[in-house]
Amino acid sequence: MISTALNTLPYNGRWLYWISIVVFALNVAIFAVCSILSVLRYAMYPEILNTIMNEPAQSMFLSTFPMGLATIVNMVCFVCVPAWGNWTRDFAWALWMVDACLSVVSALYLPFSLMSSNVDAQLSSMTAIWLLPIASCVVASGTGAVVADLLLDPDHALWTIIVSYALWGVGICLSMIVYVIYFQRLTVHKLPHKGVIMSVFLPMGPLGSGAFAAIKLGTAGKTVLSKTQTLNDSSAASIVYVVGAMAALILWAFGLPWLFFACASVLKSGRFPFNMGWWAFTFPVGAYAMGTCQLGRQLPSAFFKVLGTVLSLIVVIHWMVISISTLKGVVSGKIFVAPGLASVQRQRKEQNDSESIA
């Protein structure tokens with residue numbers, strides 16, 4: 001998210017471009033390492049996956065994989081395609097297909113696992129983490145629009161846009177349902193405890209990503225619909241573009257009260273120690289900043305450009321601070337907490353002890 005935000009700032013410079021590439025390379029490296037470690041973890045302890053799936057809060061984090069992959073696809077389109085040519089265009093399209101499939105699985109299966117779990121989910125314990133699986137579809141729709149804008153075959157671009165609109169519809173509509181439930185949870189059971197207070201920023205994620213996707217789909221659709229003569233109406237392309245811009249503006253406006261609620265909640269909670277929950281600020285506010293910047297380009301409006309730039313810089317500074325804190329935690333080993341791993345290890349030890357006695 002940071003590399004994409006730096007690469008697409010309205011007030012950009014060559015030096016920011018190179019910084020975004022460095023962050024992008026770091027992003028790819030961390031994504032690859034974490035993916036390999038996760039595969040090894042589940043291979044060594046296959047019981048952990050079942051344990052995680054039975055934990056409503058923990059299972060939702062599995063959807064961060066397709067969202068992380070989407071940010072990589074975005075930067076491949078923005079940086080690698082202009083530099084390396086056609087093969088990276090096809091590579092980005094293939095990666096997006098994988099990301100879209102994973103996003104649909106996340107958005108449908110993870111909420112269903114919550115419904116069918118033997119563990120009762122209490123409204124009082126609900127957090128905005130419930131939005132993560134659904135947000136993956138919204139993020140994938142925006143990435144699809146970015147990819148479609150680069151495809152040479154108009155028919156391929158058209159189908160990419162159609163699938164992206166479907167992803168956008170699934171993500172936004174399901175998100176609205178969760179917003180209602182989450183608003184009720186906040187009003188009835190009050191603010192989350194300090195350990196997860198940063199999760200109050202998560203509702204901005206689908207709205208910011210949805211605004212970004214609506215504009216990018218409208219822009220790509222305007223070109224593709226004209227080339228393919230879709231809908232058999234000369235004004236269809238312009239209508240799609242205008243509707244996309246208006247939908248983006250509405251979603252952006254809906255994000256304002258959630259931004260206020262989030263900031264007010266953090267201020268109300270006072271000081272609280274660093275934990276991995278601080279990362280919950282980066283993606284949603286970064287997505288909202290990107291949506292704001294896109295509005296600034298399309299309207300066009302200096303207000304949205306300045307606000308988007310300010311929000312992006314805040315996200316970058318926050319990312320730098322928590323990256324340093326996380327690195328300190330990695331060195332000390334304090335942040336390595338694996339939910340369910342201790343119980344699995346204990347069960348294995350008891351099983352081995354019983355076998356040795358027998």
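Using N, Cα and C of the backbone, Cβ positions are placed for all residues, glycine too.
A TrEMBL annotation is a machine prediction, not a hand-curated record.
Per TrEMBL, the features are:
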type	residues	note
TRANSMEM	15-40	transmembrane segment
TRANSMEM	61-85	transmembrane segment
TRANSMEM	91-110	transmembrane segment
TRANSMEM	130-152	transmembrane segment
TRANSMEM	158-183	transmembrane segment
TRANSMEM	195-215	transmembrane segment
TRANSMEM	235-260	transmembrane segment
TRANSMEM	272-290	transmembrane segment
TRANSMEM	302-322	transmembrane segment
Two-stretch contact, the transmembrane segment (272-290) and the transmembrane segment (195-215), at least three Cβ pairs under 8 Å: yes
Surrounding residues of the transmembrane segment (158-183) on its own chain - C-beta under 8 Å, 6+ positions past either end: 93, 96, 100, 103-104, 107, 111, 123, 126, 128, 130-131, 134-142, 144-145, 147-148, 151, 203, 206-207, 209-210, 213-214, 217, 220-221, 224-225, 228, 230, 251
